[in-house]
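Per TrEMBL, the features are as follows:
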type	residues	note
MOD_RES	Lys236	N6-(retinylidene)lysine
SIGNAL	1-23	signal peptide
SITE	Asp102	site 'Primary proton acceptor'
SITE	Leu110	site 'Responsible for spectral tuning'
SITE	Glu113	site 'Primary proton donor'
TRANSMEM	33-54	transmembrane segment
TRANSMEM	61-83	transmembrane segment
TRANSMEM	103-121	transmembrane segment
TRANSMEM	128-145	transmembrane segment
TRANSMEM	151-172	transmembrane segment
TRANSMEM	184-206	transmembrane segment
TRANSMEM	226-247	transmembrane segment
Amino acid sequence: MKKLKLFALTAVALMGVSGVANAETTLLASDDFVGISFWLVSMALLASTAFFFIERASVPAGWRVSITVAGLVTGIAFIHYMYMRDVWVMTGESPTVYRYIDWLITVPLLMLEFYFVLAAVNKANSGIFWRLMIGTLVMLIGGYLGEAGYINTTLGFVIGMAGWFYILYEVFSGEAGKNAAKSGNKALVTAFGAMRMIVTVGWAIYPLGYVFGYMTGGMDASSLNVIYNAADFLNKIAFGLIIWAAAMSQPGRAK
Ligand SMILES: *C/C=C(C)/C=C/C=C(C)/C=C/C1=C(C)CCCC1(C)C
């Protein structure tokens with residue numbers, strides 16, 4: 001059974017690889033640095049997905065679901081990066097639709113992490129997740145409408161920023177922030193603080209990319225994509241690693 005599964009996985013992986021390698025136009029040019037950044041991030045996402053799913057067994061039971069979600073985030077992003085890379089390498093255009101579909105799935109999962117990390121230690125109210133979810137939707141819908149040209153780019157930016165600020169309010173001063181502060185659990189307080197820094201500093205890279213891509217006179221697809229790719233590397237992989245490190249520092253982990 002195990003062998004059969006491995007075989008099926010290998011077959012699927014090979015199909016994906018040959019699909020990319022067939023057409024001459026899809027080969028990566030040696031001076032296409034944006035395309036190279038798509039490649040680098042996709043492979044890092046693949047490696048972290050394997051890492052999180054394997055490491056899941058080594059953390060205390062209460063933290064396991066958080067590590068699973070971290071692996072889902074990088075796994076989902078890996079698949080999207082395969083497509084985004086192809087769009088970029090073949091057309092030289094920003095893969096905006098794939099990018100936002102990826103964000104639409106992975107950002108709510110990252111928000112779920114704040115809830116799960118709180119729930120790993122104490123009882124947590126699910127209202128925390130729903131409020132973070134509303135902030136996420138406002139942020140991403142505003143950004144998408146602006147980037148895809150449905151509304152004015154500045155208006156899209158303002159709506160997106162409002163959603164992000166709402167998320168920051170919740171994790172710093174709202175119920176989520178207060179719960180973490182009064183939990184009295186060292187691993188949780190450290191992890192929560194680091195996750196909050198990522199959502200503040202790491203996430204700030206996205207609106208910067210948006211500004212450089214759309215608002216500083218003329219649109220620059222190359223810098224926009226390099227900035228977004230670097231941000232995804234940090235905010236998806238490092239975010240998961242922070243949770244993993246906190247979980248590993250908890251007493252009672254499996255040896
Ligand atoms: C894994 C993907 C992540 C963590 C994506 C995060 C995306 C953002 C934080 C996007 C933020 C934006 C604004 C705050 C305003 C301008 C529009 C956005 C959508 C780029």
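First residue shown is number 1, and so on along the chain.
Yeah, the Cβs are placed from backbone N, Cα and C, and that goes for glycine too.
Each residue contributes its Cα atom, and for Leu110 (site 'Responsible for spectral tuning') and Lys236 (N6-(retinylidene)lysine) those atoms are 8 Å apart.
The stretch in 33-54, 103-121, 151-172, 184-206 that contributes the largest number of Cβ pairs under 8 Å to the transmembrane segment (226-247) is 184-206. The residue listed as 'N6-(retinylidene)lysine' carries a helical DSSP state (H, G or I). With a cut-off of under 6 Å between the Cβ and any atom of ligand 1, the recorded positions Asp102, Glu113, Lys236 reduce to Lys236. Within its own chain, the transmembrane segment (184-206) has Cβ neighbours under 8 Å at 113-114, 117-118, 120-122, 143, 164, 167-168, 171-172, 177, 227-228, 230-231, 234-235, 238-239, 242-243, 245-247, 249-250, counting only residues six or more beyond its boundaries. A Cα-Cα distance of 11 Å separates Glu113 (site 'Primary proton donor') from Lys236 (N6-(retinylidene)lysine).
On a Cα basis, the residue listed as 'N6-(retinylidene)lysine' lies 11 Å away from Asp102 (site 'Primary proton acceptor').
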